[in-house]
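What TrEMBL annotates here:
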| type | residues | note |
| --- | --- | --- |
| ACT_SITE | E280 | active site, nucleophile |
| BINDING | F98, A99, V100, Y103, D188, V189, D190 | UDP-N-acetyl-alpha-D-galactosamine binding site |
| BINDING | D188, D190 | Mn(2+) binding site |
| TRANSMEM | 12-32 | transmembrane segment |
Amino acid sequence: MAGRLKCYSLHLGILPLTVLVLVFFCFVCLSLRSQEWGHPGAVNRKAYPQPRVLTPTRTDVLVLTPWLAPIIWEGTFDIDTLNEQFRLRNTTIGLTVFAVKKYVVFLKLFLETAEQHFMVGHKVIYYVFTDRPADVPQVPLGAGRRLVVLTVRNYTRWQDVSMHRMEVISHFSEQRFRHEVDYLVCADVDMKFRDHVGVEILSALFGTLHPGFYRSRRESFTYERRPQSQAYIPWDQGDFYYMGAFFGGSVVEVHHLTKACHQAMVEDQANGIEAVWHDESHLNKYLLYHKPTKVLSPEYMWDQQLLGWPSIMKKLRYVAVPKNHQAIRN
């Protein structure tokens with residue numbers, strides 16, 4: 001009986017110690033898992049200047065649309081704070097680019113400069129659509145970044161290459177991209193990244209202000225003005241003129257946009273009409289009635305050779321590469 005009591009007492013003494021060990025073990029496991037999952041407790045929080053309600057960072061430009069979408073200029077965002085937020089979500093960004101026919105010559109510079117400036121520190125998948133997969137250059141990629149080559153057909157006219165981009169992006173958004181990335185950025189290949197282009201651009205749906213029209217009134221915009229076209233926009237309508245060379249958003253929203261534009265172009269073709277600026281005309285029609293949740297300033301789409309460098313542009317981020325359009329397109 002005494003032996004049994006002694007054994008019982010020993011068990012009672014071991015029990016709290018066992019519970020303590022289990023609690024400590026669970027705490028360690030959860031801490032490690034929170035770091036793996038990107039739990040807020042695992043983040044090194046940096047100090048940054050307090051936002052001042054009565055001291056706007058930019059007073060020389062419009063920074064908010066009438067539908068409350070931010071317009072992204074240098075000085076309107078803190079990139080460290082944004083990087084932290086998107087890393088917590090373990091975000092992966094897809095960048096689509098079409099290098100068809102002679103345009104494949106621009107791909108090396110495009111990829112090299114993207115590695116220097118595009119979404120640095122985040123996971124990126126480059127989706128290169130081309131009819132010349134053997135000519136895709138080998139460019140060293142950083143950790144968490146990879147390149148996927150997808151073969152597409154070419155067309156005799158450059159306009160058809162441009163317009164079929166909407167069809168291709170729509171198809172792959174539904175069949176592949178939605179399983180692999182969180183956001184899509186759709187860019188032209190005959191450009192280069194000149195400065196930082198990061199997660200500040202990401203939103204459900206974004207468009208980029210055309211550098212030739214950001215100062216203009218809507219009457220000057222080169223919208224499609226013929227009512228017979230699905231891209232038609234009346235003279236008394238329009239917010240901004242968006243560039244077809246840089247747009248994006250969540251995979252779902254990009255799918256909606258590209259599918260709608262493709263269907264509108266198919267309908268135009270059946271009616272024997274082609275919008276004045278092809279897929280860009282249809283993009284502008286879509287963004288007029290499906291307002292973007294972010295608008296990128298012309299910092300994100302510029303041609304220094306044509307437009308110089310006005311003081312309002314604190315940075316030139318994504319810029320045109322000098323070229324002979326006629327020679328490349330033909």
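Any Cβ shown, glycine's included, is placed from N, Cα and C.
All annotation found in TrEMBL is predicted automatically rather than curated by experts.
Listed in sequence order, the residues V97, V104, F106, L107 complete the 8 Å Cβ shell around the UDP-N-acetyl-alpha-D-galactosamine site centroid, once F98, A99, V100, Y103, D188, V189, D190 themselves are left out. Counting every protein chain shown, the Cβ of D188 (UDP-N-acetyl-alpha-D-galactosamine binding site) has 20 other Cβ atoms within 10 Å. Largest Cα-Cα distance over the residues recorded as binding UDP-N-acetyl-alpha-D-galactosamine, namely F98, A99, V100, Y103, D188, V189, D190, equals 11 Å. Residue environment of D190 (UDP-N-acetyl-alpha-D-galactosamine binding site) contains 21 other Cβ atoms, counted within 10 Å of its Cβ in all protein chains.
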